[in-house]
Amino acid sequence: MFARSAARALASPSRLFSTSASRHTKVAVLGAGGGIGQPLSLLLKSDPLVSSLSLYDIRGAPGVAADVSHVDTASEVNGYAADKLDEALDGVKVVVIPAGVPRKPGMTRDDLFNTNASIVRDLATAVARIAPTAHILVISNPVNSTVPIVAATLEKAGVFDPAHLFGVTTLDVVRAARFLAGVSGASPNDTPVTVVGGHSGATIVPLLSQSPYGKGISGEAYAQLVHRIQFGGDEVVKAKDGAGSATLSMAYAGAKFTNSLLRGLNGEKGVITPTFVKSSLFADQGIDFFSTNVELGLNGVEKIHPIGPLSAEEEKLMEACLPELKKNIEKGKAFVA
Ligand SMILES: NC(=O)C1=CN([C@@H]2O[C@H](COP(=O)(O)OP(=O)(O)OC[C@H]3O[C@@H](n4cnc5c(N)ncnc54)[C@H](O)[C@@H]3O)[C@@H](O)[C@H]2O)C=CC1
Ligand SMILES: O=C([O-])CC(=O)C(=O)O
């Protein structure tokens, strides 16, 4: 049963990847040897919009590259060891960063800051030097702080383009669709949810009132669904019991977002998905990064959509989100300053 459905999914990866465009792109994965990096590299090898994959890690990337390179798709794959970061970044248009440590039970994403802040800063410094116009997709946590760290690092180097920097919040969107499908009985294809804010606990704000299947959910069922979307990461951390956090669903989400960006870069119109970007939506409150629906286009961020109408419950979720998000962003900026 499993073998049959897995074979079908591999034979027809149409839900994950679109093939409408024809321009192909060189993509780097920094942290390619890790729990996310390995399956993400495999999925990107299957994306017809990727022409070349550059896999880098301080450990194990050449082995992952040798393995993934045998998959019978057109893209080239090269692996780069710890001292070969500059070569790994040569000529890349898109850089995906899942490098850094994951959570263990009892930790918050912010507890990862001390280790991951410098990893992300150093990788961003190299991107600024070798591939200054690349689009950078940040997966490493805490995303609410690591994205401002990358922005400030690029700014310091004089190469920051806000249209080229994305915090990957797609896993929240994937979870929201899946969990809403679970309670509504509909297919996840029909239950997309716009998730705004940031990527941790209370900063994750699902806008269920804007979804035909979500707007009727109320009371305890609503509270439980929102909690599950906000704390889905904890479910996985707990179940893995010390062996890390979400890797496979994150690889899926990372590949999905990368494909959306590549479609936009190829000129496809109407590619819209939430992502954590430099945004003026809440700048008057001192919050200059925010995730909301973003149209992706030839230059990356094409248009940042407003959050739209909120229910009374969502107003309250936003009230809890904004001060925490502000603190996370300021912490990231202060690290680079
Ligand atoms: N944005 C999101 O929705 C999600 C983010 N994450 C985050 O992704 C990150 C990675 O998670 P996992 O893959 O599970 O961790 P992992 O520990 O399995 O892999 C991390 C990889 O990064 C590599 N690495 C460390 N320093 C590096 C450097 N300076 N340059 C290149 N590579 C380096 C390690 O060698 C390792 O292979 C964590 O920070 C985790 O919290 C995880 C799930 C979802
Ligand atoms: O929970 C974690 O630490 C990893 C993560 O960001 C997620 O699964 O959403």
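Counting starts with 1 at the first residue shown.
Each Cβ is built from the backbone N, Cα and C atoms, and glycine gets one as well.
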TrEMBL NAD(+) site partner of Gly31, Ala32, Gly33, Gly34, Gly35, Ile36, Gly37, Asp57, Ile139, Ser140, Asn141, Met250, selected from Asn78, Asn116, Asn266: Asn116
Per-residue pLDDT averaged over the domain 'Lactate/malate dehydrogenase N-terminal' (25-167), given as an integer: 98
Other residues, Cβ within 8 Å of Arg103, Arg109, Asn141, Arg175 Cβ centroid (substrate site): Pro102, Pro142, Val143, His199, Ser200, Gly233, Val237, Ser245, Ala246
DSSP residue counts for the domain 'Lactate/malate dehydrogenase N-terminal' (25-167), split into helix, strand and coil: 64 helix, 29 strand, 50 coil
10 Å Cα neighbourhood of Asn116 (NAD(+) binding site): matching recorded positions from Arg103, Asn141, His199: Asn141
Arg109 (substrate binding site), number of other Cβ atoms within 10 Å: 24
Maximum Cα-Cα separation (Å), residues Gly31, Ala32, Gly33, Gly34, Gly35, Ile36, Gly37, Asp57, Asn116, Ile139, Ser140, Asn141, Met250 listed as binding NAD(+): 18
Binding-site residues whose CB lies under 6 angstroms from ligand 2, from Arg103, Asn141, Arg175: Arg103, Asn141
